[in-house]
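Here the structure comes first, spelled out in structure tokens, and everything after it is commentary.
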Amino acid sequence: MRLAVIRYIWLLVALLVALEPAYVHPDEHMQSVEVMMQKIFGLRGTVPWEFQPEYAARSFAPLWIFMGPALVAARLFNAGPRVVLGLLRIQGYFLYVSLTRVAVELVGRTKLRRSMAAFLLSTTYVVGAFQSHTFSNSIETLLAVAAVGLLEVVIADGRAGHRHVRISGVLGFLIALGLFNRVTFAGYLGLPCIVAFWQFYRRQWRSLAALLLCFLLTSGACIWIDTLSYGTSEWVITPLNNLLYNMDEENLAQHGLHPRYTHILVNLPMLLGPGLLFALGGIQRLSLPLLSCVSGVATLSLFKHQEARFLLPVVPLFLMSVDLTKLRTVSLTLTLKLWLAFNGLMVVIMGVGHQRGVITALHQLREEPIGVQVWWKTYSPPTWVLMNEALTVSTTNFVGDDERIDEVPLDVTRNHVIDLKGCNIELLNHTLSQFIAAGSKVHLIVPDSVAKKTALLTKRYGFDIHREFRTLVHLDLDHLDWSEPSSFTPGLSIYTVT
């Protein structure tokens with residue numbers, strides 16, 4: 001089959017996968033849709049720590065630009081959560097596909113290289129499973145690809161005497177917006193900006209002035225928007241707040257610490273798989289996109305909190321740097337087959353099944369009056385899906401190493417969602433007992449991978465649990481236990497507990 005046909009088939013598959021309710025990571029909702037739905041739809045729900053005024057570690061400006069128009073339109077047409085999620089994911093999909101296509105034209109030196117890069121960019125599982133999801137990392141990827149592509153133009157045309165004042169102004173806007181979206185954006189643009197300055201801007205001061213002016217104007221606008229959004233009397237500079245927070249290792253420890261080699265040895269293989277073999281002979285020059293990859297990975301590896309999604313910009317930038325026509329050290333045909341097999345497997349795991357039942361269960365629970373929902377051993381539920389204007393959301397707290405429910409208002413017996421995260425069964429028993437004693441209608445939502453532990457609620461604690469709903473399409477990869485085969489059971493269930 002011709003590569004062009006395979007490419008278009010994969011693009012169609014990626015679009016369909018983008019519409020699946022898979023749930024890759026809580027931040028795809030908590031750092032974007034959750035807070036914006038509260039702003040635009042007037043809902044009540046989870047307010048992540050980053051968006052609490054005492055931290056003010058995330059900017060609202062990029063969210064208004066990338067999600068605001070779609071969500072305002074959804075509000076005007078009174079769209080439900082399925083339409084809202086689908087609209088945002090379709091938007092993310094088309095932005096990525098169109099932008100990477102343009103970037104390939106700017107970066108690719110020959111028609112064959114552009115065609116091969118377009119094939120790789122279209123067949124990575126990242127398109128449907130990550131890039132179409134509402135991550136701040138997805139926005140970072142779009143901005144990084146756009147900025148690197150324009151820097152390539154500036155450097156290439158600069159040799160012919162072009163000044164590119166307007167493009168420099170656009171670059172200033174993109175760089176500022178990228179920093180306010182994620183402070184890690186500086187890492188991806190570090191080396192490319194140094195090269196661009198040395199090869200172009202040190203001789204074109206007018207263009208450099210345009211870049212700096214647009215950077216300052218955009219930064220000022222973002223600061224103004226955030227200051228209004230957080231309602232503080234002092235100016236809010238979210239990238240600075242975020243950087244200061246992440247430079248404190250005690251803060252990072254609350255989110256999980258990893259060895260500094262995690263990005264290189266774990267996260268890159270997870271995102272690129274056999275695609276890393278393309279580096280063996282398939283990269284003949286240190287291109288600007290490749291410099292961005294090196295710069296980004298090196299910078300992010302300095303911090304001990306390392307997740308695969310932090311490296312999303314590396315995927316398109318690396319694939320744009322590959323010249324498959326020069327691949328000699330490994331078989332091209334075999335490598336491409338491994339590439340397609342890897343991405344086919346990962347798109348099913350991450351794009352279709354991963355934590356999918358959480359969103360499915362929320363849609364189901366939305367159809368009836370909400371009493372008390374207790375979520376146990378799942379990802380944090382994105383409560384915006386419930387579209388509830390009177391919701392109370394609470395979770396556990398720690399006193400030393402002891403996990404407790406001190407901050408859970410036990411007197412709220414309606415419109416209450418409790419995220420117990422991965423707490424022990426004793427705390428689950430205590431929580432259920434408190435609400436049942438108060439006469440609450442209690443729903444317990446748990447993955448089937450912990451069904452044996454769920455059964456202890458009846459055997460050990462005497463609860464009467466009745467399964468009200470079950471979906472089999474749910475992969476829980478967080479509680480796998482090789483000594484317990486039942487932990488590999490797919491599915492998620494909603495129980496009524498009395």
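Any Cβ shown, glycine's included, is placed from N, Cα and C.
Feature annotation from Swiss-Prot assigns N-linked glycosylation site to Asn429. Per Swiss-Prot, the feature transmembrane segment maps to 4-24, 60-80, 118-134, 135-155, 169-189, 208-228, 261-281, 286-303, 332-352; the stated evidence is sequence analysis.
Non-local contacts of the residue listed as 'N-linked glycosylation site' by the CB criterion (under 8 A, 6+ apart in sequence, same chain) comprise Leu457, Arg460, Tyr461, Phe463. Put simply, of 4-24, 60-80, 261-281, 332-352, the stretch with the most CB pairs closer than 8 A to the transmembrane segment (118-134) is 4-24.
Sequence-distant contacts of the transmembrane segment (4-24) (same chain, at least 6 residues past either end, Cβ-Cβ under 8 Å): 85-86, 89-90, 92-93, 97, 115, 118-119, 122-123, 125, 127-130, 132-133, 135, 309, 340, 343, 347, 350-356, 358-360, 363, 379, 382. Highest Cβ contact count with the transmembrane segment (261-281) among the listed stretches 60-80, 135-155, 332-352 falls to 332-352 (criterion: pairs under 8 Å).
Counting only same-chain residues 6+ beyond the ends of the transmembrane segment (286-303), those with a CB under 8 A from a CB of the stretch are 107, 144, 148, 151-152, 155, 184, 186-192, 195, 246, 252, 260-261, 263-264, 268, 310-311, 313-314, 316-318, 320-321. Sequence-remote contacts of a segment are chain residues at least 6 beyond its ends whose Cβ falls under 8 Å from one of its Cβ atoms, and for the transmembrane segment (60-80) they are 32-33, 35-37, 39-41, 87-88, 91, 134, 136, 139, 177, 180-181, 221-222, 225-226, 229, 387.
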